[in-house]
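Student: Pasting a structure below so you can have a look.
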Amino acid sequence: MSEGARGASAGSVLLRLAIGATLGFGIAAGADPHTQFLRVVADFEVPPGALRMTLAVLVLGAFFFAGGLWAARRRRFASSAPTTAAGRPKLRRAQRRAGFRALLWQVMLSGWLALAYPEQWTWPTVGLKTGVSLAVSAIAGMLVYGALVAILTGVIHVCGDPGRFLDGSVSTMAALVPRGQAQKAMTWIAFCLFNPVIEELLFRGVLVYQTSLVLGSLWLPILVGLLVNIGNHWYQGRRSMLLHVPFFAIAVALLFSPLGLAGAIGFHIAGDVVPMALVRRQLRQFRERHWRVGTSTRSNIQQQAVEVAHNANL
């Protein structure tokens with residue numbers, strides 16, 4: 001095993017232990033309604049443990065950011081790795097049981113949220129609104145995501161390099177989606193069912209909406225939420241922030257709109273389903289794109305070798 005692999009394994013284990021310890025402490029301290037730490041006493045309907053929940057979400061965000069920095073380091077290492085025999089960059093693929101681990105993590109977070117309810121959060125205080133049907137709100141959020149993708153696609157084609165942006169997306173998805181039908185199915189469930197609900201509830205509903213109710217101000221929770229959102233997705237690379245910053249802004253706008261949390265969740269579901277549905281096609285296009293580059297490079301090398309041999313015979 002290489003030094004990089006040993007370091008990655010140790011760092012991954014330590015990160016999981018730290019997150020597990022944090023969740024365990026949060027469950028033990030937060031589930032008790034008699035806990036006085038960061039207890040909110042207000043005249044309006046805010047859970048007394050709302051600030052404890054905010055602190056726990058911030059700690060989780062810090063762990064995710066640390067994991068993102070580590071993943072970015074591994075991406076830089078992978079980008080300098082040799083190419084394959086076909087002449088294209090190597091892709092770091094997901095571990096064999098990545099789907100199971102992703103689903104287990106989502107189930108753990110769901111259990112933690114269930115234990116924290118209603119002492120630390122409630123549906124109204126995280127932005128769930130019933131003025132508009134929940135189904136209509138979710139569908140509207142999905143349509144908004146379609147508009148965002150159309151706009152960003154046009155911007156990338158006009159102002160940027162679509163190939164480099166797509167390569168970053170492919171490398172991210174290749175590292176997330178494992179091989180094998182069972183593992184892929186668990187990945188779909190984790191990322192397309194659990195993740196949109198849990199991530200919107202934690203990082204928009206609790207961190208932004210509920211905290212703004214406690215503080216009586218929107219701007220600090222929104223700013224902190226933006227920083228946490230960037231940290232959570234830093235593992236995808238800096239270029240991906242072109243998507244994640246407007247994604248966050250639109251999700252927050254939906255959260256505070258009449259569509260509420262359901263609109264933000266629908267928006268996020270579309271944002272997770274679309275990349276998962278396109279991953280196979282994007283991998284094929286990645287191979288085709290770099291096969292052409294690799295073929296051109298090999299042809300140039302062969303031509304140079306012929307010229308060198310010809311010159312040597314003169």
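Each Cβ is built from the backbone N, Cα and C atoms, and glycine gets one as well.
Below, the features straight out of TrEMBL:
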DOMAIN    184-273  domain 'CAAX prenyl protease 2/Lysostaphin resistance protein A-like'
TRANSMEM  12-31  transmembrane segment
TRANSMEM  51-72  transmembrane segment
TRANSMEM  98-115  transmembrane segment
TRANSMEM  135-156  transmembrane segment
TRANSMEM  213-235  transmembrane segment
TRANSMEM  247-279  transmembrane segment
Student: For the domain 'CAAX prenyl protease 2/Lysostaphin resistance protein A-like' (184-273), provide the mean pLDDT of the predicted model.
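Tutor: Within the domain 'CAAX prenyl protease 2/Lysostaphin resistance protein A-like' (184-273), the model's average pLDDT equals 93.
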Student: Helix, strand, coil: count each for the residues of the domain 'CAAX prenyl protease 2/Lysostaphin resistance protein A-like' (184-273), based on DSSP.
Tutor: 82 helix, 0 strand, 8 coil
